[in-house]
Amino acid sequence: MFRSAAGSRPRPSPLVAAFAIAVILCGLMVASLLVGGGDVGVGRSLAFLLGDTGARADEHLAMVVTQLRFPRTIVAIITGISLGIAGCVLQTVTRNPLAETGLLGVNAGAALAVVAGISLLAADTAPALLGLALCGALAASAVVLLVASGAKLSPLRLVLAGVALSATFRGATSYLLMSDGAAYDRYRFWVLGSLSGVDLVQVYWVLPAVAGGLLLVLLLIRPLAALSLGDDIAAGLGHRPRRTRILAAAAVTLLTGASVALCGPIAFLGLLAPHLARSLTGPNLARQLLLSGVFGAGIMIAADVAARVVIAPYEAPVSVLLAVIGGPVLILIVRSRRILTLRVPGGAA
């Protein structure tokens, strides 16, 4: 049971909810392989997936399904899982349900590195931009942690350091863009956030960062659950709040940095997915993390499919669709959950 403005409402059975979510996610994955804004329609794509001999002999159809849509589906899943879990961890660490994955300066640092690489190093290839974005994200988060660190790494210090340094990074980015028009032309496509043009080779490059981030989160479930109850209680249970926050920030950085490197800054996903998960799981952090990743993947796939068809034959940026749809949805969640208390429920691992 969880409390709402109207009182108590029963949550759906965990098994029923898990089955429904699994069916929806599988349906979205199939839709991602079938739907596109080009000349390959749903019928031909479905025939290819079902093994039709004529469809399998069509080289153009095979290229669209296996080399364009399949990699995008994989990237959407990885990005959605990463941002959903990273958002849940960050909201738990800061005990702020409005915290989002750009809080540690990851997005701003990645943007600065990309612009600097384009402007100063003449970087123009997808692998170069991918490497620059990931390195910039990691470096920016390290600087934020260094500035925020002290005898006690409090949530407030972390938030303030992230906001201040993100503004600094964005200012430096704006300066470089104003002084180099060519850099702006290349940068504006990356900053919109899109899965267009991604391939499995790029996924292989960022998989170590994603795997490392997920492993850290797995090891931190119990310390994070204790930390959500307060620093004093966490310390009384034998955990170290400062070390937990540093390791959690490292996990968030790896997950978010890999996602930003793959498809640019993606807004709202790390904010929306944890709220949807929490509405089903309550204070159980392990379930929150699992469902945050699942919801993140589903939302990302749905947004990518919509981006292909909403202005077909052109493609809309995924981040724009997420902002347009995610904003009103988040407002409804905030109102229904009375989240104005700015408190993340926590506890059970």
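Positions of Cβ are set from backbone N, Cα and C atoms, glycine also.
Just so you know, TrEMBL annotations never went through curation; they're auto-generated.
Database features (TrEMBL):
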TRANSMEM  12-35  transmembrane segment
TRANSMEM  70-90  transmembrane segment
TRANSMEM  102-123  transmembrane segment
TRANSMEM  129-151  transmembrane segment
TRANSMEM  158-178  transmembrane segment
TRANSMEM  203-225  transmembrane segment
TRANSMEM  246-269  transmembrane segment
TRANSMEM  289-311  transmembrane segment
TRANSMEM  318-336  transmembrane segment
When you scan the chain for residues with a C-beta under 8 Å from the transmembrane segment (129-151), skipping those not six or more beyond its ends, what do you find?
-> 104-114, 116-118, 123, 157-158, 160-162, 164-166, 169, 190, 202, 205-206, 209, 246, 249-250, 252-254, 256-258, 260-262, 264
How about the transmembrane segment (203-225) and the transmembrane segment (246-269): do they have 3 or more C-beta pairs under 8 A, pairs 6 or more apart in sequence?
-> yes
Taking contact to mean three or more C-beta pairs under 8 angstroms, with sequence separation of 6 or more, is the transmembrane segment (70-90) in contact with the transmembrane segment (158-178)?
-> no
Stretch winning on C-beta pairs under 8 A with the transmembrane segment (289-311) (pool: 12-35, 102-123, 158-178, 246-269) is 12-35
